[in-house]
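S.K.: Here it is, the structure, as structure tokens.
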Amino acid sequence: MVPSWLLVCAVVFSLAVLQVLASDTFIAAVYEHAVILPRPTLTRVSPDDALALMNRNMDVLERAIKEAAHQGAHIIVTPEDGIYGWLFTREAIYPYLEDIPDPEVNWIPCTDPTRFGPAPVLERLSCMARNNSIYVAANIGDKKPCNSSDPKCPSDGRYQYNTDVVFDSEGKLVARYHKYNLFMSEATFFNYPEEPEISTFETPFGKFGIFTCFDILFREPAVVLVSELQVDTVLFPTAWMNVLPFLTAVEFHSAWAMGMRVNFLAANTHSTIMSMTGSGIYAPDGARAYYYNMKTEDGHLLIAELDSHPRLSPTSPPAVSWSSYASSVEGWLPHDHDFSGLVFHDKFTFTELTKPEGSITVCQKDLHCHLSYKMAGKRDDEVYVLGAFDGLHVVEGQYYLQICTLLKCKSTDLSTCGQPVETAQTKFDMFSLSGTFGTNYVFPEVLYSGVQLAPGEFEVLKDGRLISKTAPTKPVVTVTLFGRWYEKD
């Protein structure tokens, strides 16, 4: 006969397991890492020297992973380039790469490290996950041999990929993703896969997907993961260089989570010289935790609770008809004082907010942007404009944008409108921004002075208006609807 105390223990254990399996929330962590960089070199270092540098970075990451697990986190995301940096040529990066198999092989590197040949980085990451009972997402490099029978095989006989890996809490490799949209010079030392890869994995706390940095601005794989495969949470290792006024990491990543109605875990590298900072844990209703620091070179751990299935959450924002309200506004007439200005090389049409309150419009091509506003007090030393851009962005990549924006100019000289600005003094009692967007993919941004977000202080209505819920508590740098028209690329 089974002792009664054993039956009680079994029941308690079973209930605990069921509670985890049915969990409505989970604890997420991201770590912004000040990467220890290699010395720049055009040639290879020895494998031992490469591993020594990677172990120094993994020492830092391991401390963050242990602390996250100690605080109850179920999953942690670490940054792109977080293990070896980015100062490479194609030849010089080779010693840092490992041959990463498809997760279908059902492999725990921590317990079977030599199954696919030497893989000390995979082994150590696997053990970090296993020893701390936490999912770990990291970014490393993959190498795959090829030969002359492959017409696309590089001359050095190998493919090299910027690669994300995910290990579950047992240390098993459950996801591998090869970055598809390479950023500028990155394409000189990495290859992209022949077709975009879609990487997902199931957990007791939702369905997850993963992609890397520049991928976020393109339909594949980013939109496919969310819109077609219906993941609940996206993991996002990144090495994001901030570009004001619309593409600082914290504002755009928070906006993307809201626009796509998905959880988004963004882990950035940290380098003030490269303007890299800004990590966050974002839900569809706003940021749960974020970090932006251009003053010091410190890493930082963020931890926050998220809904496992955000689309089912009562706080999930409704579906939006982005052009509904703006299309109903009458009187789309150009202003005599409209003028042009550049924002990140894109030619916007601007009109100045000359009064302390009012309703104005500005148009470019098929995009009409409408703003109603009231300043707490109009200052003579600060100028704000309403801007519109409808066109193809062609600087570091080619992608079609529609943008409506209320933004502060760098000075009272109108020629500075669109230049980067981090601080402001003007507060608004209210604002309402909308546009006649041709795309359903629109990302709402509100950025306060000092590159601060405004969680809980604004909302997007079903008719496409981005409005302040209460009087904004801090001076406004920009209020933006950032539209991405994938079909026109």
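Glycine is no exception: its Cβ is also placed from the backbone N, Cα and C atoms.
Note that the structure is predicted; figures quoted are calculated from it, not measured.
As listed in TrEMBL for this protein:
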type	residues	note
SIGNAL	1-22	signal peptide
DOMAIN	31-308	domain 'CN hydrolase'
ACT_SITE	Glu80	active site, proton acceptor
ACT_SITE	Lys179	active site, proton donor
S.K.: I want to check the contact list for the residue listed as 'active site, proton acceptor': same chain, sequence separation of six or more, C-beta distance under 8 angstroms. What comes out?
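M.R.: Listed in sequence order, they are Asn139, Asn162, Thr212, Cys213, Pro237, Thr238, Ala239, Ala267, Thr269.
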S.K.: Let me know how many other Cβ atoms fall within 10 Å of the Cβ of Lys179 (active site, proton donor).
M.R.: 27
S.K.: Tell me, what is the mean pLDDT of the domain 'CN hydrolase' (31-308)?
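M.R.: On average, pLDDT over the domain 'CN hydrolase' (31-308) sits at 96.
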